[in-house]
Each structure stands twice: as C-alpha cells, then as structure tokens.
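As recorded in TrEMBL, the features of this protein are as follows:
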- 672-764: domain 'DYW' (DOMAIN)
- 152-186: repeat 'PPR' (REPEAT)
- 255-289: repeat 'PPR' (REPEAT)
- 356-390: repeat 'PPR' (REPEAT)
- 457-491: repeat 'PPR' (REPEAT)
Amino acid sequence: MDQLILSAASPSGSGHSHLNLQQTHQIHAHFIKTQFRNPHNFFSRSNFTPEANFNLLISSYTDNHRPQAAFNLYHHMRTTDAAAVDNFIVPSLLKACAQASSTNLGREVHGFAVKNGFVSDVFVCNALMNMYEKCGSLVSACLVFDKMPDRDVVSWSTMLGCYVRSKSFGEAYRLVREMHFVGVKLSDVALISMIGVFGELSDMKSGRAIHGYVVRNVGKERIELPLTTALIDMYCKGDNLASAMRLFNGLSQRNVVSWTALIAGCIRSCRFVEGAKNFSRMLEENIVPNEITLLSLITECGFVGALDLGKWLHSYLLRNGFGMSLTLTTALIDMYGKCGQVAYARALFNVVDEKDVKIWSALISAYAHTSCIDQAFSLFLKMLDSEVKPNKVTMVSLLSLCAEVGALDLGRWTHAYIIHHGVEVDIVLETALINMYAKCGDLKTARSLFDEATQRDIHMWNAMMAGFSIHGCGKEALELFSDMECHGVEPNDITFISVFHACSHSGLVGEGMKHFDRMVHEFGIVPKIEHYGCLVDLLGRAKRLDAAHSIIENMPMRPNTIIWGALLAACKLHKNLPLGKVAARKILELDPENCGYRVLKSNIYASEKRWTNVTSIRESMSHLGMKKEPGLSWTEVNGSVHHFRSGDKTCTQARKVHEMVTEMCIKLREAGYAPNTSAVLLNVEDEEKESALSYHSEKLAMAFGLISTAPGTPIRIIKNLRICDDCHAATKLLSKIYGRTIIVRDRNRFHHFSEGYCSCLGYW
C-alpha cells in the first residue's frame, strides 16, 4: 500500500498525478479504515502538501465520475484539521458538482469560495461558470463572468461555450462582438464556439467573415481539422451544403468527426439520399463510424423526422455487431418517438433489462410527442414503482405534454410532485411550468411563477411573452417586452415572433410594424421567413390585404406555403375571393398534395355560395385520396382527458351529452339566438345545417363539461381547428346562460368566454 501511495502521489514528468479508479478506491479504503486519522502522515513520503494530497484524491474521484466520494472528502476536510480546502481544490469540487448536476452543492462550494476570497482566482471563476451552466443555471454563470475582476482567454471561451451549449445564441453573438471590441486573442476553442454560434443562427454573413479571419490568421493550409470540421458544420446548418462540401473535399485527411459533420448536415438539410451516399463513402474509405457518430446521426433523424434513414441506421447497428448500449437504445427510442413511431420505441424499451432514468424519460417523451397523455402518465407511475427517481428532463416532458393537450389538472399534479418529492428546480423546469400553466389557460399562475423566479433567462421571458400572446394580451406582452429590456436581456428571434403574434391577436398593427423595424435596425436580427409570416398575419387580420400581399411580393426569400396560407386565411376572413384565388394557386404550385389549403379555398367559395366550385374542389380531393382534417375537441375532468369528434354519437356518456346539447339549443333559442348557418360550408337545407352546427366537437365537449362538473366550475376545452363563427357566438351566450367561465384554446389562440363576452374581441 505504501508503495502504491508513494508512486501515485509523486509528481510525474508533466507535473500532474493520476490515479485510476482501483488505486483511488484502495487509498480511500485505507482512509476509511483508519477513520481518516493523520492523513498527512499517510502521505508523509509524498513530495506533496496535505492539501495537494487531498486534491489528488478528489481530482481522481471526479476523473472517474464519482462525485459523491469527492464530496465526502471535501466535508471531511471542512470538519477536521486534516488539510485546508484551498483554491486549487475548489475547481475539482465544482467539477464534481457539475457531474452530479447539483446546483445546491455548487452554491455551497461557491459560498465557501466567496467567504475565503477565492473568487479573485480566474481558475476558480472559470470552474464556477462551467459548473453553473452544466447544472442548468446559465444566469448564475453569467453573473460569475460579469463580476470577474480579471479574465483570461479561457474565461471568454468558457462563457461563450456556456451560451452555445445552452442554445442562447443571441447572447453568444453579443459576447462575440464584445470579444472583438476588447481585442481578445481568439483560441481555437473560442473560434470553434463562435463558428458554432453563426451556424445555429444561420448567420452566413458573419460565418463567412469568421472563415476569412481563420484563413488570414492561421493560413489556409495550416487550419487544424477541428476548425475545418466546425466550419463544415456551420455551413451545413446555414443550408449551404455546397460550401460545406468544398471544405470537406479539400481536406487532405478526414476523420470520423469530419464525416459525421457532413453526413449530419445532409440529414439536417433533409437531403437524406445524399446523407446515405456519404455514409457509404465513409465506409469505402475504411473509416468506421463510432458510437458518437451513430448517436449524432440518429439524433438528427429525430429532429427532422427522417424515419426511413433512422430505420436504416438502426439496421446498420444490428448488422454490424454494434452492442446496443443503453445510450444508443435511448437515442433510438427518442428518434422513433419524434417520428411518431411509439410502437417501435416501446418495443426497444421493453427488451432493456436495466433501465435508467434517461431511457424512461425518452419513452415518456415519445408518448408526449404523440400526445398520448394516458400512456405517458401510466409509464411515469411504473417508473416510480421501479424505484427509478425521475429527473428534471422527465418532469419537463410531462409538463410539455400537459401544455400540449391542455391538461391543467395533470399539470398541477406534476407541479405538486416536483415540490413534494424535492425534484431540483432549475430555470429550464421553471420555464416549463410557466409554459404549462399559460397553455392550459391559467395565465395568472404562470405570471405568478414568472414574478417569483429568482433567475430569468431569455427562454423564460419568451415563454411568458408567448403566454400573453396566445391569450390575446397584446398590451401586457409589449409591457413585458419593455420590462425585459430594462433588465438588460436582449431579445432574440423567438421573442419577436411572440411580440408579432400578440400584436396580431390584439389589432395592434402599428406596434407590430414598429417592433419589426426595431428588430432589424436596433437589434440587428435578420428576419426569417417566420417573421414575414407574422407580418402577413398581422396585416391580414387587420383587413390590410394589399399590404400583406406586398410584403409577400417583396420578401428577400421565396415565400412558402405557410406565408401564402396566412394570406389565404385572411382572404377567407374578409371574403376577398380574387386575392384568395391567387394565394390558393401559389400554394398548390408549391405543394400540390396539400389538403388543408384546398379546404380553405373551398370554404371561401362556400362563403360566396359558389357551390359548383366547392363541389369541384371536393371531388378533386376525393380523387386524390385527400381527407379533410376532422374537428376534434377535448376537455379534462378530474385528471382524465375526454375526446370528442364532430357529430360523434359514441363519445363518453353519449346519451347524456346529446341530451345536454338539446337543452343547450333550446336555451339558446329561448334567449333569441339563431344559428349562423353560413358557418356550414355545404349546400344542404338550413335544417340540416342547424343540426350539423349543434354537434360540432366543441359543443359536445362543452355539454360533457356541463354535466360532469359542479355549477360555477370553469370549463376548459382544446380544439384542433379554428373555432367556427357559430360556435364562437353560441359559446358567448352559453357562458351567460349557465353562469360558467368557458375557456377554449383553438388552433390560433385562447378565448375566455364569460357573462356573454369573449376576450378575443373578434381577433381570431
């Protein structure tokens, strides 16, 4: 044992000592056996100080991913006089905190460092930033960086890396500009991070500039492979595969990392055949993909829904004897889930014997992606029965699912579980809670959680702003935007999408146009096609159809079906048939098999009572095998979600529901209400139209809510399509007749019906 200690605790030629896990266990076991008595005597033959000896052990435990053992040694040092915890030990302890994803322990060590004056040490501060970012607290990492008295190039690179890994690319871009302004000499690590930022932002202008900087300062022939690989990845993400290919083909040596970047870029650009061909080329050059390559490619398949290529990669794994590690299996489950193939995901899950929290969370997420709420929560309960403790990722998946289907009761239950079972709440989980409450119609609780948050990043601000947006609270959204600016948080491209939506659903055309101008000229954000789509929607809802059309005609990029679809929807709303025909023709040119926009064009004709044209479109759809998306609504009662289809006669408690619908119709007539039969876009008698209107899915869900809940209880309904004019008018009156608050979330926004009024004020 003494010889082991002597050899392990003696400086090597590099000035560092290393212990493998077995050696670390042996030394630590001796410490435990002797009850940590006189460890400095134990290391008496070492050339190190007692502090260095403890640092050796703590570092070895973190190197071997044993953070708890490192904490035990730290607490022993704090409670005895074995050795002092110095500034050299603190970075290793912070690394252990990051491995354990424990913000609480990290804050404990941070507090100790502050108390002992270690935060003036640049190495300690760099470790603090890393720890906070890996524990999901980017705001804390930023605070450490901002308070640093001195920064080295590693500090700047570390902060930049924190932003990039947290996908806070707007903040990363701002830091890049600051680095340039203060003249920071860029290391390869910093350059790689910067290149990654421009790739994620699809900012090819800045990307080409940094490419030029690399060539000028490093030399075209001397650029290291990691830098070139980063540039390849950047061009792929900027949808400039040609530039990526030129760089790749110019490489004298290619490794598995550069091949992975290129193939992943092909998949990300939805050029799946090219991706498969490059995979084959890689094999022909005798470069064998490793697990990281396959993980990366499978993950990309999930992001873009490339199911066939994902299956092909899965079969490659099986054919070539890759061991189905837990990590690979989890990635495949995630990919199949994102591609909507839950059965495949479940089959993979079922054959795994030892399941960890990541694989449980992946399958729960798969159910969440397909809105299978019953299966997701059933699986969650089985996970608890298996004594696997859920983590933040698990809870975020459940909350996202509750938000998607509007299951407020289950969302509240999930929130209560987080509180009562001590799940560590970070800024990501707080943001998920805010998002859930906002999308489930409880904007008050969402705002309360936002106000109580001690840390807020751009994602949390965006979530709250999006909440105001979908509820049509335009003024509140704009006030929050101003508040965000006052707090020094710079908006990103997502922020402005929420701002434009809020203005659109509140009729604030002038404010929307003003903020578009600010986005471009004040914040330097290059408008994406989504931003132009928001402008078209904003102007279209305000009946400024010619201005909306002009925006489309003058866009710097080719308008897609979503852009023309926004104009078509506005034409239907304001009954502008000539311009609607233009929009419909453009959509069919871009996407001949699109069903939804054919239906919208048919509806425009129907509103003009041009039944021959309606019949022609419907017949062409039938000939092509197209079916209109059915109207679906659902409501949550006592934690169970009940679904209803328009005209459904087999729904939950069908007889009682239909009896309530009849009662609702009688009470509406008694109140002087006449059905708006123009909302039925079929050439049938008015009596048939009235019957069809009575059994729209949202009215069935409303009837179920009325018979299943106590008087005065709010009724919450989610609808997959836009609520029709008749149901909207009827619901306003029914809210007054039954004395209920009825909250409906349709495809576009929330409607809060109460006492005969709706919060949307006609903007929907």
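Yeah, the Cβs are placed from backbone N, Cα and C, and that goes for glycine too.
Taking Cβ pairs closer than 8 Å, the repeat 'PPR' (457-491) reaches residues 138-139, 166, 168, 170-171, 174, 427-428, 430-431, 434-435, 437-439, 443, 446-447, 450, 498-499, 501-503, 505-508, 511, 515, 519, 523, 525, 745, 749-750, 752, 759-761, 763-764 in its own chain, all 6 or more past its ends. Through the fold, the repeat 'PPR' (356-390) approaches residues 326-327, 329-330, 333-334, 336-338, 340, 342, 345-346, 349, 397-398, 400-402, 404-405, 407, 410, 423, 641 of its own chain, all at least 6 residues removed from its boundaries and within a Cβ separation under 8 Å. The DSSP breakdown of the repeat 'PPR' (152-186) into helical (H, G, I), extended (E, B) and coil residues amounts to 27 helix, 0 strand, 8 coil. Taking DSSP states H, G and I as helix and E and B as strand, the domain 'DYW' (672-764) has 37 helix, 16 strand, 40 coil.
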